[in-house]
Amino acid sequence: MLLNVNNLSVSFGGVHALNLDHFSLRDKELRVIIGPNGAGKSTFLDIICGKTKADKGEILFNGKAVTGKTEVAIAEMGIGRKFQKPSVFPGLTVHDNLLLAAKMKKDIFSSLFFKPTAALADRIHAVATKLSLTTVMYKMAGDLSHGQKQWLEIAIVVLQDPTLMLIDEPAAGMSDEETEKTGALLLELSKAHSIIVIEHDMKFVEQIARELVTVLVRGKRLMEGTFAEVKNDQRVIDCYLGRTNAQLETL
Amino acid sequence: MKTKNNPLYYILFIAIFAILLPAGYMSGLISVNTISVWGRYFCFAIAALGIDLIWGYTGILSMCQAFFFCLGSYGIAMHLLLKKTMATGAVLPDFMAWNKIETLPLFWQPFQSFGWTLLLCLLVPALIAFAAGFVLFRSRIKGVYMAIITQALTLAMWLLFLRNETNLGGTNGLTDFKTLLGYDLSSSSVKLGLYMISFTMLCAAYFGCYRITHSKFGKVLQAIRDSESRISYAAYKVVDYKLAIFVVAALLAAVGGMLYLPQTGIITPGRMDVKASVEMVMWVALGGRGNLKGAVIGALLVNFLYSVCTSLFPDSWLFILGFLFVITVLYFDKGFMGLANSIKQRFSTGSFKTSQTPL
């Protein structure tokens, strides 16, 4: 197993945001995590990539502990993160965004005396082609459309060449066509990387969930199964529909 | 920000300040005081380049650049004062004698040698910047808190330098210097020489900053300004980068201060009071943040305006500066350079496009 999580819990001001008994991910597996709002999906990814500190529990990545490490150390271990809200460098060109992401030595002196190489240029070009960014290479990232920003951030993660990619709502705010393309891309990436995707869009989940889907509800793992199993599970239906009913009752 | 680099600007700049002004002085059209005044502005411009690196490019509002500037000035001042004291045959500088101090304080000793003075003028600000930066950046202090803490540091140092017990001349500061390396500071040719040295240093500093901002290192700095979390998830150690550029900015301020002192002939703690440290940031804000030319032009223009306005309307300078600042913030947030660029764009394309960049 590439990633092993045991008894992970974190609370914010007394509220249990996450209380995960067990979670594991195989190498080169694409796992989708679904769940209603506030289920702790993003919090889970935040803990893996070092943004949030867990109260207790362990996360083993390739057998090494992740908890307690800094963001940089975790990134160096080979975990890359795409955030829910596209987070790119708006004041830099698309090309520079990609250049900064690319895997290389990242200390200050290497950066100061950095000379671009042909191999690196090819790699950036290849990733940009894959994500349809070649036509906007010298545009400011801040001027891109929402969908393009999403792709740019995915490209940033891809160029880091991580073993594990944590992708938070990649299809949010995208058109159907763009969503489909994103799905195809994730499937292709899963041949070389392990990926955890958080998503709400069930059509999109159906497209990419070739293996297991994990359902989180109120910080706990409700079930794990194939997309068909999850879709037809009464508890999953209840917790999605039940929420709506509860909201209706309060009205 | 990717403006075409027109060599015309550089040629014009060098032609005016390296040829026209000295030539004007040689032919007697411009007084030596004017030359000296511009020499001082160049020192401010060097410090402004540092502010642009740390604030304009990296997005860290540091209010203690005036303090680093003063450290450079005080270092050179101590050396000059000791030389003058020795020349007159006294044991201690006058102000110490008045304060009934009998032996030269230990920290004054190394300033008897010019080499040590140069070294300490750079080393002390660099070390202070490193120590302060290390603590601040490690604790992830950002934004307005960073500005408040650095301003508080400057204020604390200002209070410290004001005290007679600090043995740095208190409120009166250090003044009345005669010679630098044997050259008479009051002679016109020495003043012209210092002017040329300041100008050369400004060009060198500009070139160095240009190289930094156009390297991948500079792009990382801009990335830190845009999205600090993203760049740390891309495995860049943000603290290292911030610390490095903070030290570079402190060194630039110190170099500015070192060159400033012999041209102005006095240094008092007033150079690093709250007003002075805010003003230094305003040069860059008015000139154009995140633009090296803007920093230089801002520092030169604001100081030039200062000397013009204070002689024409002595009481209203702060109102004028405040008014300029308000206009800049409201209408052209990229400063003079941003304004010049948008006017140029307007003429070339016929359409007015305001630049949108995040704060």
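Note that Cβ sites are derived from N, Cα and C of the backbone, with glycine treated the same way.
Heads up, TrEMBL stuff is auto-annotated, nobody curated it.
The shown structure was predicted, so the numbers you read here are calculated from the model rather than taken from an experiment.
Marked as transmembrane segment by TrEMBL: B:7-26 (among others).
What TrEMBL lists as transmembrane segment is B:38-57 (among others).
Per TrEMBL, transmembrane segment is recorded for B:64-82 (among others).
Counting residues 6+ beyond its ends, the transmembrane segment (B:114-137) has Cβ neighbours under 8 Å at 64, 68, 71-72, 75-76, 78-79, 146, 149-150, 153, 181, 238-239, 242-243, 246-247, 249-251, 253-255, 257-258 in the same chain. If you look up TrEMBL, you'll see B:114-137 (among others) marked as transmembrane segment.
Taken from TrEMBL, the feature transmembrane segment covers B:144-162 (among others).
Among the features that TrEMBL reports, transmembrane segment is placed at B:192-209 (among others).
Taken from TrEMBL, the feature transmembrane segment applies to B:243-261 (among others).
Taken from TrEMBL, the feature transmembrane segment applies to B:281-305 (among others).
Within its own chain, the transmembrane segment (B:312-332) has Cβ neighbours under 8 Å at 279, 282, 285-286, 302, 305-306, 338-339, 342, counting only residues six or more beyond its boundaries. Annotation comment: TrEMBL describes B:312-332 (among others) as transmembrane segment.
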Sequence-remote contacts (6 or more beyond its ends) of the transmembrane segment (B:243-261), Cβ cut-off under 8 Å? 39-40, 42-47, 49-51, 53-54, 57-58, 60, 62, 65-66, 68-77, 80, 118, 121-122, 124-126, 128-130, 132-134, 137, 194, 197-198, 201, 205, 209, 212, 221, 267
For the transmembrane segment (B:64-82), out of B:7-26, B:38-57, B:192-209, B:281-305, most C-beta pairs under 8 A are with B:38-57
By a Cβ-Cβ criterion of under 8 Å, what residues six or more beyond either terminus of the transmembrane segment (B:144-162) are in contact with it? 60-64, 66-67, 70, 74, 132, 136, 168, 170-171, 269, 272-274, 277
